[in-house]
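> Pasting a structure below so you can have a look.
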Amino acid sequence: MAERKKRIVVGMSGASGAVIGVRLLAALRRLGTHETHLVVSSSGAVTAAQELGFARGDLEAAADVVHNVRDIGAAVASGSFLCEGMVIAPCSMKTLAGVANGFADNLLTRAADVMLKERRRLVLVARETPLNLAHLRNMTLATEMGAIVMPPVPAFYAHPQTIEDVVGHTVGRILDLFGIEHDEIARRWSGLADEFGGRAAREE
Ligand SMILES: Cc1cc2nc3c(=O)[nH]c(=O)nc-3n(C[C@H](O)[C@H](O)[C@H](O)COP(=O)(O)O)c2cc1C
């Protein structure tokens, strides 16, 4: 049987942080290891337009295959569609609520539901602040079912200089969760001794 490329489903919903999904798609395209399947909610298209000035076509051009969020019969709606897993970046609190409660009323929440039932990797780049009790409870429910809730929180210890640095770190950590080799993280943590050029260690 001919070997097929590995696949990954990328969902984008209407939380702030459309740039994370876009940069993730760009990284996967550059790395060339995975075929990307994109599902964008209608609010996801709105936030991408507001934050990035992107038309739907700009988003769709970044992916290998695009599925309409209303197409509940698309390939990614079935567990028989083989893939490595799914990332929802950014993940709104509404989409998180749908995933956490098995409420699969569109292709985005259905594909995530499938990942959980097939015990495949599901990473939710959940973005809201501050969080109410429903958000926290839904994060707990999703985690209990095996999803990884990964809010896009900056790592200040990495001394980011630009927004690109912050986004790159988040995208790098997403790729890490799938075991995908990449160069998105400019500088990985290698211990406090390295940070202080050995001084901290000597002062102990
Ligand atoms: C510019 C903009 C930014 C938003 N940011 C967030 C956010 O960070 N987190 C969130 O949960 N919802 C956010 N929302 C609200 C969601 O888009 C809204 O709840 C929507 O119904 C989510 O639908 P979806 O999950 O189907 O994409 C934002 C909306 C807009 C227009």
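Including glycine, each Cβ sits where the backbone N, Cα and C put it.
The domain 'Flavoprotein' feature in TrEMBL is assigned to 6-177. Feature annotation from TrEMBL assigns FMN binding site to GLY14, ALA15, SER16, SER41, SER92, MET93, LYS94, THR95, ARG127. TrEMBL lists TYR157, ARG173 with the feature dimethylallyl phosphate binding site.
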> Please check the binding-site residues GLY14, SER92, LYS94, ARG127, ARG173 against ligand 1 and give me the ones with CB under 6 A, sequence order.
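Near ligand 1, sequence order: GLY14, SER92, LYS94, ARG127.
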> In whole Å, could you give the widest CA to CA gap in the FMN site formed by GLY14, ALA15, SER16, SER41, SER92, MET93, LYS94, THR95, ARG127?
15
> From the Cα of ARG127 (FMN binding site) across to the Cα of TYR157 (dimethylallyl phosphate binding site), what is the distance in angstrom?
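Distance (Cα to Cα, whole Å): 21 Å.
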> Which residues, in sequence order, are found in the same chain with Cβ within 8 Å of the centroid defined by the Cβ atoms of GLY14, ALA15, SER16, SER41, SER92, MET93, LYS94, THR95, ARG127 at the FMN site, excluding those residues themselves?
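Not counting the recorded site residues, we get SER13, SER43, GLY44, THR47, PRO90, CYS91, LEU96, GLU128.
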> Since the record lists SER16, SER92 as binding-site residues, which of them has the fewest other Cβ atoms within 10 Å of its Cβ?
SER16
> Whose Cβ, among the binding-site residues ARG127, ARG173, has more other Cβ atoms within 10 Å than any of the rest?
ARG127
> What's the number of neighbouring CB atoms sitting within 10 A of the CB on TYR157 (dimethylallyl phosphate binding site)?
10
> According to DSSP, folded down to helix, strand and coil, what is SER16 (FMN binding site)?
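DSSP call for SER16 (FMN binding site): coil, neither helix nor strand.
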> If you count other C-beta atoms within 10 angstroms, which of the binding-site residues GLY14, LYS94 is the most crowded?
GLY14
